[in-house]
């Protein structure tokens, strides 16, 4: 055996021996291991030299492709100055510059930026800010949170407490604080199949919950326009705006989680722009650095910030912060990422690509085992079902989504399923030709797996 092949196999075996991969059953991984060695553009290459389309943007975050020169150069330039210094009590230039740019990019009422290292932490910060805000202004009864059924906001304890995906969260229930769960306006499988009816029913249920419990509710948290990990379900038109209006009516803070949806993913800078929504608190991560480094942020209003401002003896300080918060390398990457957005007018390109993808995905509705195709911008979910007419799902034990993504891998494309929902979230810079090729590969894999193996 050649030396190169020995080295490749060695990395694979070491991955099985030493690593514990996130959201991964390691028994499955041992049967189908994958070790990535490099990336270029929208492609990833494993240690065996096989190249794949990055069909899930390396978990929904890559924007311009891998090894984007401008971002690489920005990180190198920052390394010549300093890699990291703490943000606890001492600011740094990239963090200041990025905060200024984020304020410029987001709705005008958001004026303050609190950094963190991941989307889940950004959510934790949002929850803690909302909770402490009411205490700081003397409204101590407002301690509860409202979230949506099937929602997902990260995997830390606070984030799962406002999540509602049983397979992820049930085992940890004894650790979690209690939150109110409002129904999500799920159109697929609803008896009426009318988005307006579904929207109004969900808003009616939410208003009833608010009317009964508003005096104890600190905030409501929702994902921006589309539930990601819950199955790529798009909110009916007017729902998000309706939630905002109810929060205002009942004096409840409104948190929008844009971790997955922000930075162009839905065809707007941020998903809230689809309905001109103005949250009190907004979280961002994933695409903020173009998919390079772990930076996240929680943005809020001057009114909320002012509730924490005062003499130390007033005990209004927000006691939160991690060691690498506001890291200079990550902030430099994020600034370069946003500059590329602006220079290349990427939002306009994404809108054109989203239209193209919708046209390409239309034919999936003709497949025998595709029950629903859902899309907002370049966030897409294809739900596989046993019976398209009755919407009967596959038994979860058949793992049809997982098997289909393994077929896709064989063909040269990587993604991860959400149960039996195939996720298609390509890098935003993918060309029309690349999008067409990935969609064709995905369609072939669905047909091959569901027809021949299902």
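Residue 1 is the first one shown; counting continues down the chain.
Cβ atoms are placed via backbone N, Cα and C, with glycine included.
The pyridoxal 5'-phosphate binding site annotation in Swiss-Prot covers 119, 120, 257. Sequence-distant contacts of residue 120 (pyridoxal 5'-phosphate binding site), defined as residues of its own chain at least six apart whose C-beta falls under 8 angstroms from its C-beta, comprise 153, 154, 155, 156, 159.
Annotation source Swiss-Prot lists substrate binding site at 152, 286, 321, 416. In this structure, residue 286 (substrate binding site) is part of a helix by DSSP.
Taken from Swiss-Prot, the feature N6-(pyridoxal phosphate)lysine covers 286. Listed in sequence order, the residues of the same chain lying 6 or more apart from residue 286 (substrate binding site) and placing their CB within less than 8 Å of its CB are 59, 60, 61, 119, 259, 260, 262, 263, 265.
Here the C-alpha separation of residue 152 (substrate binding site) and residue 257 (pyridoxal 5'-phosphate binding site) works out to 9 Å. Here the C-alpha separation of residue 257 (pyridoxal 5'-phosphate binding site) and residue 321 (substrate binding site) works out to 19 Å.
Of all residue pairs in the pyridoxal 5'-phosphate-binding list (119, 120, 257), the one with the greatest Cα separation is 10 Å apart. If you compare every pair of Cα atoms in 152, 286, 321, 416, the residues listed for substrate, the longest distance is 31 angstrom. Within 10 Å of the C-beta of residue 152 (substrate binding site) there are 27 other C-beta atoms, taking all protein chains into account. Apart from the site residues 119, 120, 257, the chain places the Cβ of 118, 121, 122, 123, 153, 154, 159, 259, 260, 283, 285, 296 no farther than 8 Å from the centroid of the site's Cβ atoms, the recorded pyridoxal 5'-phosphate location.
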